[in-house]
Amino acid sequence: MTKAAEHEDKGIQHITDKGLDRDCTTLSRHVLQQFQGFSAQAQDLSALMNRIGLAGKLVARRLSRAGLMEGVLGFTGEVNVQGESVKKMDVYANDVFISVFKQSGLVCRLASEEMDEPYYIPENCPIGRYTLLYDPIDGSSNTDTNLSLGSIFAIRQQVGEDSDGQAKDLLAPGNNQIGAGYILYGPSTMLVYTMGKGVHSFTLDPSLGEFILTEENIKIPDRGSVYSVNEGNFWQWEESIREYIRYVHRTEGYSARYSGAMVSDIHRILVQGGVFLYPGTVQKPEGKLRLLYESAPLAYIIEQAGGRATTGEMRILDVVAEKLHQRTPLIIGSKENVAKVESFIQNGH
Ligand code: AHM
Ligand code: MG
């Protein structure tokens, strides 16, 4: 009996390497295929996504060895523009995105959760037509306990000259994003993106150092059993949100899942259905999450997959920002689940 037959005999299942069984599609090649050609824009966006992938690999590499290195975990002692304590990983990941885009020639401006003002790369500006908005580490509170984290990004085309350096064009609605996505640092590192032609996921193969296509044209289920919200905030919410949660508690078939990193929670919902909520509170009606580099890119992904994202009052992608770090309530996920929350907000039931 051969070794394989012996294993089969013992009921040991063989783990096959999916990548070997089919043509490996890398991230940059996939972007080119999306645009069916080698136009200048297709090449720019392919190079840009490749750079985002590189930033993801650098962050993933550091996270995977965090417990073995000095100076990776914990706080810096600084407070950012949002009034939140900054972690060392927030600073590292923010700098990683800056350094990979410095060499890209494509991006003139970067705007992130960790920087008060947009960061200009003057040497790229004469030719760099794009702006990258990003949250370098989503779910920072998970950093020191080896739990899932994310990065979120949006790509926008620069409009006009931006001569006063105020980047006012970035305040335009999320409909103006030309690409968006996230990187999920979980048991494996995944990158999910859209350029308005469906939602596609990639898994980092660490031995190749490449993001390889995992699933194309992902569709979110119309309804799911998961509701994902920080119920510790119950006492601070408007009555309509409390009523929705009471409804969930008395209805069969719901499961609570909340990880502290919305990239994880929303990825679960993208794949299995359900709803993620970060509502405003009575004291802070705009909630916690930032519109331009958290809510809007995730809304673009979820809408492209057939789901919905709203503030409770209006579609996230229609919101016009007043400032770069504007916050917004977020209700996002499967169509039917989002409609149910909306109904509680708008009609009380
Ligand atoms: P961060 O980018 O500063 O980490 O904040 C965003 C995160 C989300 O990922 C997560 O859903 C939420 O904040 C958790 O906040 P809370 O601890 O208030 O539930
Ligand atoms: Mg964040």
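Using N, Cα and C of the backbone, Cβ positions are placed for all residues, glycine too.
TrEMBL does not curate its annotations; it predicts them automatically.
What TrEMBL lists as Mg(2+) 1 binding site is Glu113, Asp135, Ile137. When Cβ atoms from all protein chains are considered, those within 10 Å of Ile137 (Mg(2+) 1 binding site) total 27, not counting its own.
Annotation source TrEMBL lists Mg(2+) 2 binding site at Asp135, Asp138, Glu294. If you draw a 10 Å sphere around the CB of Glu294 (Mg(2+) 2 binding site), it holds 26 other CB atoms from the protein chains shown. Secondary structure at Glu294 (Mg(2+) 2 binding site), as computed by DSSP, is helix.
Annotated substrate binding site per TrEMBL: Asp138, Gly139, Ser140, Ser141, Asn230, Tyr258, Lys288, in sequence order. Note on Asp138 (Mg(2+) 2 binding site): other Cβ atoms within 10 Å of its Cβ, all shown chains, come to 28.
According to TrEMBL, the domain 'Fructose-1-6-bisphosphatase class I N-terminal' annotation covers 26-216.
The domain 'Fructose-1-6-bisphosphatase class 1 C-terminal' annotation in TrEMBL covers 220-345. Helix, strand and coil residue tallies for the domain 'Fructose-1-6-bisphosphatase class 1 C-terminal' (220-345), in that order: 56 helix, 20 strand, 50 coil [DSSP].
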Annotated binding-site residues Asp135, Ile137, Asp138, Ser141, Glu294, filtered by Cβ under 6 Å to ligand 2: Asp135, Asp138, Glu294
Rounded Cα-Cα span from Glu113 (Mg(2+) 1 binding site) to Ser140 (substrate binding site), Å: 12
Residue among binding-site residues Asp135, Ser140, Asn230, Tyr258 with least C-beta crowding, 10 angstrom cut-off: Asn230
Between Ser141 (substrate binding site) and Glu294 (Mg(2+) 2 binding site), the C-alpha gap once rounded to whole angstrom: 16
Mean of the pLDDT scores, which run from 0 to 100, over the domain 'Fructose-1-6-bisphosphatase class I N-terminal' (26-216): 91
